[in-house]
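These come from TrEMBL:
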type: TRANSMEM; residues: 65-84; note: transmembrane segment
type: TRANSMEM; residues: 104-124; note: transmembrane segment
type: TRANSMEM; residues: 136-155; note: transmembrane segment
type: TRANSMEM; residues: 161-181; note: transmembrane segment
type: TRANSMEM; residues: 202-223; note: transmembrane segment
type: TRANSMEM; residues: 229-249; note: transmembrane segment
type: TRANSMEM; residues: 288-309; note: transmembrane segment
type: TRANSMEM; residues: 321-340; note: transmembrane segment
type: TRANSMEM; residues: 352-374; note: transmembrane segment
type: TRANSMEM; residues: 414-435; note: transmembrane segment
type: TRANSMEM; residues: 456-477; note: transmembrane segment
Amino acid sequence: MDSSEKEGLVVVEEALSSSSEQSARISNQTSLHSAETCKKSNIFSVFLEPIQWIQMLSSQLNPSFIIGIVLVYGLNLGFSGSFFKVVTDYYWKDVQKVQPSVVQLYIGLYYIPWIMKPIWGLLTDVFPIRGYRRRPYFVVAGILGGTSALMVAVIGNLPAAVALACLIGVAAGMAIADVTIDACIATNSIEVRSLAPDMQSLCGVCSSAGALIGYSTSGFFVHHLGPQGALILLAVPPVFITVLGFVIYEMRSSGLNYEKQKTMENLGVAVRGMYQTIKFPQVWKPSLYMYLSVALSISTHEGQFYWYTDPKAGPAFSQEFVGIIYAIGAMASMVGVLIYHKTLKDLPFRNLLFFAQLLYGTSGMLDLIFVLRWNLALGIPDYFFVITEEYVSRIISRIRWIPMMVLSTRLCPIGIESTFFALLMCIDSLGSLTSKWGGGMVLHMFHVTRTDFTNLWLVILIRNIMRIATLGLIFLVPTADQSEALIPPDILTKNSTAISDDEGLELVKKNQNDEV
């Protein structure tokens, strides 16, 4: 082989070597680029997934219905409810100067409009206005809530009784809007059963997001406007609820002029339907559990709030920091919704509620540690401990709350879903009222006042023991999965065509024994 051929071979080898090195570099760059692209897509998916989820719900359901959930649960219940809670606490403490045990009795009266939810449900089911069963009641809720908020915020030196009446009016506006959107949710949960947990998750996310904003801003506005001046912001959400009444989609009834006899007949059917349905063990047992699980957990909130803000006995948290504490709790509630939606929505009702109640009782011991100041003995600052306690307890509370809402939608018969769901929520509100009044009486019995918090720790210990004792009632909760039907869809039809109510009940009990 001559020198020219050797040189040619060398050139070819160098070219091949260079080509292989370049291919390797290109391959490495491609793999790095794909890895970076994958990482970016994972980051984007975190933000895109909620949007895609809402788009999916909007495609399966009506978009105006999704907007209604966002406005009612996010703005009306989330923001207004949280803002209302903080501002009215300071209003009773600093403006009206009421004892904590008395404030708990007042706050218990806030639940009266919520206890009346079956009445609002009956109105929306059997008393349509101009052919609409839902839309007019959003308008009524907005006007009532806005007017009541303006009165208590603008008129100075109100007597405690008048101020209480106005605040109950604000709560009534929230309750009417809530029962109206819940009627829409119950109807859609029956028609699209697979999306019932998703709808409750959306409600939870919206209420937590709204609460986050409400809690975050409440301390700031209380500090700069005062407790009474800050109440004027509660007149803003009712405006949007009023507008919702004009834009939410609803099929208009063909008969605009209902005769009085027909209306009363529908009312009688709804009342009989509620009575027949509540007699089923599949219905009254979980309903009883929902009431007792709330009622037995006596509320100590006002006693703790007065202690939080006391400059001598307590940590003397500022108004802004109190809002921050609750805002972090709202963020934790959103985390609780995500945990439920991702990992817990397919678990059976009884298993999930058992462990949720167990955690609910044990996490309450963190309040006991804080009031006894053991956190300082361990070297944990007050601000860090209270934020941690609020974060943990709110996650557990949300995980405990959502399956009970899903369970409630599973108990609603077709035809009176609004009325019956309102009845179940009335039971829940009655439990909250019992919890508030029971806690107020215990605070009074142990002489917890505006300045004396000596026995506050004992009240909290009693509350935690009662929470754990509720586990003995878990047998009332069905063992069915959250996607299963607990009552037959034609339950009212069967009862109306049966020879007697007792015969109708017996037939369904035999068919449903395996689900309880």
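Yeah, the Cβs are placed from backbone N, Cα and C, and that goes for glycine too.
In terms of C-beta pairs under 8 Å, the stretch of 136-155, 161-181, 202-223, 321-340, 414-435 lying closest in packing to the transmembrane segment (288-309) is 414-435. Remark: the transmembrane segment (136-155) contacts the transmembrane segment (229-249), by the rule of 3 or more CB pairs under 8 A. With a cut-off of 8 Å on Cβ pairs spaced 6 or more residues apart, the transmembrane segment (104-124) and the transmembrane segment (161-181) reach 3 or more such pairs and are scored as touching. Counted over residue pairs 6 or more apart, the CB atoms of the transmembrane segment (65-84) and the transmembrane segment (229-249) come under 8 Å in at least three pairs, which marks the two as touching.
Panel annotation: around the transmembrane segment (229-249), residues 62, 64-65, 67-68, 71-72, 75-76, 79-80, 83-84, 87-88, 91, 134-139, 141-146, 149-150, 152-154, 170, 173, 177, 184, 218, 221-222 of the same chain, lying at least six beyond its termini, place a Cβ under 8 Å from a Cβ of the stretch.
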